[in-house]
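J.: Dropping the structure in here first, questions after.
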Amino acid sequence: MQAGMPLRLGQASRFIATTVFHLRFSPSAYIPDNHQLTQPSAAGDRLRITFCWSASFYPQPINNFRRRSTTGLAIDFPTINVLGFVCYTIYTSAFLYSPVIRHQYAARHPLAEDPTVRFNDFAFALHAVVLSFITYTQFWPFIWGFKVSRHQKVSKPVAGLFWGSIVGVTIVIFIVLGQSPNNGYDPYSWAWIDVIYALSYVKLVITIVKYVPQAWVNYKRKSTYGWSIGQILFDLSGGVLSLAQLLLDSSFQDDWSGVTGNPIKFLLSNVTIFFDVIFVVQHYILYRDAEDDSGKDQNPSDRTPLLSVSDGQPGRS
């Protein structure tokens, strides 16, 4: 199996490189010096990113369905993912369709009044909510009939993050209503755009945290079986393309406030790339020889989330 590792890693590298090259540098995606031609090309880039990231949500639920089991998938991941993408859906829809939010953004960024949030961001977020919820429901045996270990429970810290995020955003809403001279409509004081930014930071925190339990589960099991590498390869390709698109959008506007004014997208791309690389290393290098251990569902530590809180007694199978 040692000789097979370079081949498998090479296949992953070629998949990512080929996807990024053909989606980003195909003739239809080429961006010439004439700025009048950049908008259609940029729109094509956004569609390519949406395709990669949207496609990344299918391998995991399909994998669960084929195995009739959620073994290997940390339940913390889909649980917190639903909230994260609900926040991101509200965030993107507000920047696209809310006159109040768009006005407040323009007032705070006079050199680049048009937010860099695009329709592809909204479409991706809404699609992600649906697919994340479907994946989460696969942990409910009475719906799907899948094999789910009794040890696969949402950890207390993740549950705390879930409800704490909701409470935090609610607090920001009350601050806006209490501190703003005109109930949140003054863009230079506490405003409704700050509530939208609060949602974006909830999404950012969730994105950082949600990958950690899965990486830990892989480490404890010494296996990535059950965790779809297909979603990771699509996710990584989308992250690279998204980062490139955001930088290009801002450079064409000759103002980098497009990045500072849209921190969630910039940071999400970097966080996504970082964790996807970790999963690629786990799958193709560290645990490349691991076999299916779904029939060995006896060790609760293999399924204990990294962020779990002990209740004083060790778990039993």
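Residue positions begin at 1 at the first shown residue.
Note that Cβ sites are derived from N, Cα and C of the backbone, with glycine treated the same way.
Just lifted these from TrEMBL, have a look:
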{"type": "COMPBIAS", "residues": "291-300", "note": "compositional bias 'Basic and acidic residues'"}
{"type": "REGION", "residues": "291-317", "note": "region 'Disordered'"}
{"type": "TRANSMEM", "residues": "73-91", "note": "transmembrane segment"}
{"type": "TRANSMEM", "residues": "124-146", "note": "transmembrane segment"}
{"type": "TRANSMEM", "residues": "158-178", "note": "transmembrane segment"}
{"type": "TRANSMEM", "residues": "190-212", "note": "transmembrane segment"}
{"type": "TRANSMEM", "residues": "224-247", "note": "transmembrane segment"}
{"type": "TRANSMEM", "residues": "267-287", "note": "transmembrane segment"}
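Tell me about the surroundings of these features in the structure.
T.: Long-range contacts of the transmembrane segment (73-91) within the same chain, counting only residues at least 6 positions beyond its ends with a Cβ under 8 Å from a Cβ of the stretch, are 60, 64, 117, 121-122, 125-126, 128-129, 132-133, 135-136, 138-139, 152-155, 158, 161-162, 165-166, 169, 196, 199-200, 202-203, 206-207, 209-211, 213-214, 216-217, 226-227, 264, 303, 305, 307.
Residues 76, 79-80, 83, 87, 184, 190-192, 194-195, 198-199, 202, 205-206, 209, 213, 305, 307 of the same chain lie 6 or more positions beyond the ends of the transmembrane segment (158-178) yet place their CB under 8 Å from a CB of it.
Using a Cβ-Cβ cut-off under 8 Å and counting only residues 6 or more beyond its ends in the same chain, the transmembrane segment (267-287) has close neighbours at 5, 8-9, 12, 203-204, 207-208, 211, 214-215, 218-219, 222-224, 227, 229, 232-233, 235-236, 238-240, 242-243, 246.
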